[in-house]
Amino acid sequence: MDGVRNLTVSCASSNTCNDTIDDFRNQVYSTLYSMITVVGFFGNGFVLYVLIKTYHEKSAYQVYMINLAVADLLCVCTLPLRVVYYVHKGIWLFGDFLCRLSTYALYVNLYCSIFFMTAMSFFRCIAIVFPVQNINLITHKKAKIVCIAIWIFVILTSSPFLMSTSYKDEKNNTKCFEPPQXNQAKYHVLVLHYVSLFVGFIIPFVIIIVCYTMIILTLLKNSMKKNISSRKKAIGMIIVVTAAFLISFMPYHIQRTIHLHFLHNDTKHCDSVLRMQKSVXITLSLAASNCCFDPLLYFFSGGNFREGLSTFRKHSLSTMTYVPKKKTSLPEKAQEIYKE
């Protein structure tokens, strides 16, 4: 589901279309995956390092961000295999197991990111819109339970992607990351696609739209205008998560739907084949780029990022200093539980 195969297809005029986009594909994938690997590794590695060092604060936000960073790093570690594959012009060198694992890791990361962002948006909505009624829903322990459930759900439901095996082409070169060739396999992939489309994209997207609408309406009220810090954090999260969905997740799921139906057509125009193959390369790269959005989520929605760095640098001094906390109201306590 995530590759671009070197297709020779029958055109409407019954001529053979031998044009390919191999050079375009290899250059785009190798370049963009290399960039995503570097940015994703150092960005998520840095965020994870700071979060672990300041984990004594134990906020729900930290739990979600740690899990996001871990999911990104696991995916980023497999991207160099893809880079080598496309640098070697579509020849797989690492065996069938790593071929399956690389495909699996990309989709586990993709849908873990979507579900973690959705959970963060939902509980941020609870903390802002209903801080008093549902304060027990946004605790550190509840966040852990939600994250464990997401990991188990995504790992199990993404297991069919492990069927994306390597194979030998007509030149006896080992291939990986290519679309299915048998009609039965195409049907199974199409069913899997629609399940992941609705459960893994459409439903989470609807949830975040509803949550962000409620958050924005609440922030526009006079009672919330006093809490400038909360407003900035919520707005930062809305911007980054919405950008991730519109730039990374949405184009990929739309294009994947069109592409899978396109593969079922017996007659394909050469120009359409080439355009479809190019769109696969671009949208799949955008989907992988979600690894770069997650550090931005921490930088821009985490209002206390600099404070976290300061806490990390001076942790030994802060543990020796006692600063009494002021009494807080229930709405403020809800924000404190979900603080960055």
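We count from 1, first residue shown onward.
Placement of Cβ uses the backbone N, Cα and C atoms for every residue, glycine included.
Identical topological domain names are assigned in Swiss-Prot to ALA60 and SER301, which places both on one side of the membrane. The disulfide bond recorded by Swiss-Prot for CYS176 joins it to CYS99 [selected from CYS77, CYS99, CYS270].
When the alpha carbons of ASN265 (N-linked glycosylation site) and ASN172 (N-linked glycosylation site) are compared, the span between them is 27 angstrom. By the Cβ criterion (distance under 8 Å, sequence gap of 6 or more), the transmembrane segment (110-130) is not counted as touching the transmembrane segment (32-52), fewer than 3 such pairs being found.
For the recorded site, CYS99 (disulfide bond), the DSSP three-state label reads helix.
Taking a C-beta cut-off of under 8 angstroms and a sequence separation of 6 or more, CYS99 (disulfide bond) has the following same-chain neighbours: TRP92, SER164, THR165, SER166, CYS176, PHE177. Highlighted: of the candidate stretches 61-81, 145-165, 197-217, 61-81 has the greatest count of Cβ pairs under 8 Å to the transmembrane segment (280-300).
When Cβ atoms from all protein chains are considered, those within 10 Å of ASN265 (N-linked glycosylation site) total 11, not counting its own.
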